[in-house]
Each structure stands twice: as structure tokens, then as C-alpha cells.
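A.B. asks: Okay, so TrEMBL annotates it like this:
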DOMAIN    268-334  domain 'Ionotropic glutamate receptor L-glutamate and glycine-binding'
SITE      Ile492  site 'Crucial to convey clamshell closure to channel opening'
SITE      Lys522  site 'Interaction with the cone snail toxin Con-ikot-ikot'
SITE      Lys606  site 'Interaction with the cone snail toxin Con-ikot-ikot'
TRANSMEM  389-407  transmembrane segment
TRANSMEM  428-447  transmembrane segment
TRANSMEM  459-485  transmembrane segment
TRANSMEM  646-667  transmembrane segment
Amino acid sequence: MDIEGRMILNRFQSKADDITIERVINYPSGSQDYVPYLQQLSSLQARVVLLSATEEDADHIFRDAEALNLTGEGYAWIVSEQALTSAYVPEGTLGLKLSYGTNEKDHLADCVSLIKQTVTDLFNGTLTQISDTPNSCKSTSSFWQAGNAILKALLNAKLEKGRTGQIAFDSAGDRLNPVYFFQNIQVVNGRKSAENIGFYGNPKVISNALEIDESKIIWPGKKTTRPSGINISTELKIVTLESVPFVYTRKMTESDACNWDRNERLCPLVNETTGIKEDYCCWGYCIDMLIQIADMVNFTYSIHLGSSGEFGSYKKVNKTGEKKWNGVIAELISKDADMIVAPLTINPERAGHIDFSKPFKYQGLTILVKKTATESKLDSFLQPFEDTLWILVALSVHVVALVLYLLDRFSPFGRFKLAKNNDTEEDALNLSSAMWFAWGVLLNSGIGEGTPRSFSARVLGMVWAGFAMIIVASYTANLAAFLVLDRPEASITGIDDARLRNPNEDFKYATVRNSAVEMYFKRQVELSTMYRQMEPRNYRTAEEAIKDIVNMKLQAFIWDSSRLEYEAGQNCELITVGDLFGRSGLGVGLQKKSPWTSKISMAILKLHEKGNMEDLDNKWILEGRNDCPEKDTTPATLGLTNMASVFLMVAGGIIAGIILIVIEIAYKRHRGLKDKELELARNAADRWRGNIEKRKLLRETWDYIKVLKDKEAKVAMAEETKDSKQALSFN
């Protein structure tokens, strides 16, 4: 490539924004062998060759190109004016020829006229004299002031009626309205001739009109239809990633092979660290879709798994700040793959570097969480009331019992007063009976005895009964409410949940790193806080994150709705929450300006029209879903976990009763021993007292007998005396 060719290339690159230059081949001018340079063309995808060469170099280039079969059907050669005059120029070659390009006399005449007009205008204007020019152009000590003014005047000059047409220049010094003829090398009557097929420019006005009659063009291979300009290989390299249910994978064994009846296809994986190739089988939604598209568009393919396991993101790779794509996107850009067939999200960042087909599935982002049930603790039956309220209720029972006892004790109509009358059979209300009454009313148990008798105590009893009714009703209602709250439900409500916007250390959420979801959070200003929270926790694959959701190591996973809805359908412990956000589509990724883009898009649209995509949804996403109720409509039921504490309370009551009866028995035995000792002492005292009484009685008896004997003795003596007196008297 000569200097003129490089200038043409630079202008072409700056103006042709929608044209991709696959390779620039520089060759040495004057060489006799151009085969090594031309062989590079055969390995390229492009079939449009732009050649800038002299007539002599073009002779050798065209001869070598024809020998390599690079000038036949499918190719298009666009050459410079000198190359167009080569004797070996192939049929179908296109080139530009400058109008009046070989008429030097007319060009010189226009040049002299333009300079004359410019200099005249300068001397009639600001430039009155011209200083001497410098001795050397390399000298920096002197500057020719007039030269700059003359150059500026020449660039702004305009010659309306020149021999070669209107003359004017742009800022670079190129002619604004040159007229080029498009010529096509055709064989007419066995002879090659350059036929005009159009022109570029207008000699009458300063414009760049382009007119080409394409029907007059004869293309290489004597074709009348324009070639595609690209070598479309029908053997495509497909890269994919495991993403259930779109792509399933399993590792092959020595005795195993992919089951083609199940639409399994071989998809080897090259380990990124060891470089070892491992064979896998791939199947699923995307593989079925690829098989159908390949049949419709007519291409063959080989599938491999992305070695990085990531979709790809645009990130800095070194300290210079240079950004590059990674993941399967990088494979597409580096042309290691022709197509990405996976659940690849279409977004602006990726669309700037690769092409996308029409979406094969529309979706959004959603959040996957595990249903959480409140753990029933041993004190769960106490949940309806706060601890303070329970303390006040227990205190109220004893206060009311004490007041009831006092009211009934000091009332003139209480049982203490009436108990003095022999007519009443009721016992007086003691403190124990008052306590029993208060607890019985609160717990709604029958009160058989021990009720207050006085009017004042009965008024308090009625008020206490009303209080107990309100407390019991409130407890029952709150217990039912807490039972409903114990149902398994989602822990968050959606993307605007406060636990996502302002999370604590115990609440973790994440997505997949280097994915479209991560890029979505990164570019959304209102989600920047969430992005900073997620970035260090993001997972390598969705499978790892879902596994941690099930194991409660991760509280929320943000990912594509189609995948998460599938997972929620397979596992009833999982649920997607909130409305969809970040709506997008899944598409097939292709190389930028790939010739397959429109064909793949048309095939996908036809699959939508035929209902094939709906069939794939039913087969891979909807089929096999568990019948998980969206919401439990059955009444809340109490289980052992809810009421275990009540049974423990009963067991505690039984144990307390046993302990108390043991204490009572021990107390009774202790009291019995004392009573026995008292009884023995009492018996001994009674016996001693009896003995004393006996002795006293015996003594009194003896004394009485003695008295009687004395009386009898006196009577006897008296009678003897009387008898003796009578005897004396008789004597």
C-alpha cells in the first residue's frame, strides 16, 4: 500500500461508520510475488477487497489472485484508478475514474486561473506586498507570513466556470465537487472494457450526489446479482452456559453417550485453570430451540460450554483503566464463537458490542426467597400478651382475692358474722377460699363453694367476672392471630422492601456476578445502595445461590423471573415475591454485523407464530411443577409445637401436686409424731392425774372409814355406858 492508498484508507475509515474493516494488508510496492499477502484473504470472512496499487503492482496482484481463485464468484474488487487500467484486471472489478483526470491541459488552465484570481483578490484586499520566501522549509527561525495568507485564500477561493467544472476546496485542500465515474470491467465481444455505471459528484454545484445503476453491473463470475460480500460459513460454533431449565448439563462417562432421542447434544468444556477438555451432554429449552432454528435456517453447529461459566460484563482489566468483556461475551467478540444460545439478557451495554436476535422469551427480574415459619417456642401460648400484662393479671388475681376476703370478713352481713348464728350451715370465707374463687372465675371453672356472702364482696366478684371475660376473649383472639402469623410466608414483599434497601447484617441478598442483572443494578442510581451491598456477595452461578437459599445461608436471590419461577414450581419451600422489575428479553447473541442475525431473528419470529415457543415453555418451564398453593386457605390448626408448653404446664402442675402431697404427707407425719407425743404426754398426765385422784379418793375413803369406825366406837362406848348405867340402876 502506497501513501495515496493509506490516505484513502484513513478517509474511508473515518466516513464509513457502518462498515467493518476486517483486516488491513500492507504489501511492498514493486514486488514480484504477492501470494503470501493474498493468501490472508482466503482465511477472512469478508469478500469485498479494496485495492490501492499502481498499474505495475496491480498486474502482479491480479495474476496471483486469479491463481488463488480470489477473483471468482462471491468476491467483489473495488480498485483505484491506476489499478483499473491493468491488463490483468478481472471481469466484474469496480473502480473510480476522475473526470478529466487525464486531461492535464484543462487542469493546468484551471489551476492558473484560480491562482490568478486569488492573488488579485489578495492585492486588492489586505495583502499589499509579499516578502521573500525562506531559504529552507526546515528553517524554524523565519516564518513566511504571506504564505499562510495565500494558502488560506486559495482554500477559500472558488472558480465557478472552470474547464473541469466548478472548483472549490474543503479545509483539507481536497476538491469539494470532483466528479468521479464509477466503472465496471466487462467483457464485450471478447475484449475487456471499462463501462460507466454511475458517477459521484456534480460538476455544476458543490454537492456529492451519488448515482449508480446497479442493473448495469456485471459481478465476478458473470453474475448480475450483487454478492453478499461475506463468506458465510454454515458450520457455526455455539457457546452456551448451564442454566436450568434452559440448558441442562451432565458429565459423560466412558461408557456413556449423549441421547439424541432426548435432543441431547455434545458440549465439551475446557477447564479454565487446567486446560483439560471434559465432555458434557447438554439439553433443555435452548437446545431444543437451536435444533429447530438450525433446521429452518440450514446450518450445522458444534456446541461448547463457556469455560468461565459467566455471561460476561464490561470491566477494567488492568491499572490503565482499559475495559474489556469477559465470559461468553468475550468469546463472541474475539470470534472464538459465532453464537451464544443461552438465556442471554438483551441490554444496552451488550448491544453496543454484539448483535442480538429478536427475543425468544420476554421476562423481568424477581426475587426468590424461602418461606419462613415462625418457630414455636415453649412459651408460645404466652405470646398473645406482653410480659407486663401477664404480671398484672397474676397480681390482680391475688389482690382481688385479698380484697374479697377483707370485704367478706368485715361486712356485718358476711359469713364471719353469720357464722355465730346456729341457723347458718355455711362456713365463713377464708383467704384460701377467696383465692380459689378468684382463680376459678378467671379460668372459667365452676365454683362449688367458698363464694362471698356480703353485697360489697359480691359486687367486686361481678366486676372481676367481667374483667375475666374480657381478658379471656382478648387472649383467645390474639392466640388465633398469632397462629395465623405462624404460617410459612415470604420474608420480604418486593424490590422496595425496607430490608433490601436498608439491610442488616443478618439479612443477605445477592445475584450472579458478571451478569446482566448485576449490570442493571450498577447502572440504576436508585439501586446503588443495593448494588454495593450485593457486589461482594454475588455468586458465580445461579445454582450456587439457589442452593444457599434452600439451606438458609442466603435470604434473597435476585435473578431472571423465568428461572426463579421454575425453581419455585419445583420446590414448594421457595417462593417469588413482588412485582417484576427490570423487564427485558432473552435473545440469541451473535457477532457484531453477523450475516446470521436477520436469519436467526426471522426463524425465532416464525417459531413464535407457530406456537413452538409456547410448546417449549410448557415442556421445560411449566411441566413438572408441584401443585404448590399460592396461599393457604385452610383454617389454622394447632399442633404439638404450638401447644407443647401447655402440656408442659399440665405436667408441671402434676409434678407440683406430687411434690405438695409429699410435703403434706411429710408435714402430716411430722405433726402426727408431735400429736402422738402430746397424746402420750396427755395420757401420762391423765394416768398420773388418775393415780393422784385414786390416792386421794383412797385416802378420803380410809379417812371416811376411820371416821365411821370412830363413830361406831363412840356409839358402842355410849351404848356400853348406857347399858352399864341401866345395870347399875337395876341393881
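Using N, Cα and C of the backbone, Cβ positions are placed for all residues, glycine too.
Keep in mind that TrEMBL annotations are predicted by a computer and have not been checked by a curator.
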A.B. asks: Where does Lys522 (site 'Interaction with the cone snail toxin Con-ikot-ikot') sit in the DSSP three-state scheme?
C.D. replies: helix
A.B. asks: Is the transmembrane segment (428-447) packed against any residues at least 6 beyond its ends, judged by a Cβ distance under 8 Å, and which are they?
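C.D. replies: Non-local partners: 393, 397-398, 400-402, 404-405, 408-409, 414-416, 419, 453, 457, 461, 464-465, 468, 471-472.
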A.B. asks: Expressed to the nearest Å, what is the distance separating Lys522 (site 'Interaction with the cone snail toxin Con-ikot-ikot') and Ile492 (site 'Crucial to convey clamshell closure to channel opening') at their Cα atoms?
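C.D. replies: Cα to Cα, Lys522 (site 'Interaction with the cone snail toxin Con-ikot-ikot') and Ile492 (site 'Crucial to convey clamshell closure to channel opening') are separated by 22 Å.
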A.B. asks: Enumerate same-chain residues with a sequence separation of six or more from Lys606 (site 'Interaction with the cone snail toxin Con-ikot-ikot') and a Cβ-Cβ distance below 8 A; give 'none' if the list is empty.
C.D. replies: Met296
A.B. asks: In sequence order, which residues at least six apart in the same chain have a CB under 8 Å from the CB of Ile492 (site 'Crucial to convey clamshell closure to channel opening')?
C.D. replies: Ile367, Val369, Arg499, Leu500, Gln555, Ala556, Val577, Gly578
A.B. asks: For the domain 'Ionotropic glutamate receptor L-glutamate and glycine-binding' (268-334), what are the DSSP-based totals of helix, strand and coil residues?
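C.D. replies: Going by DSSP assignments, the domain 'Ionotropic glutamate receptor L-glutamate and glycine-binding' (268-334) contains 20 helix, 20 strand, 27 coil.
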A.B. asks: Neighbour count, 10 Å Cβ-Cβ cut-off, for Lys522 (site 'Interaction with the cone snail toxin Con-ikot-ikot'): what number do you get?
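C.D. replies: I count 15 other Cβ atoms within 10 Å of it.
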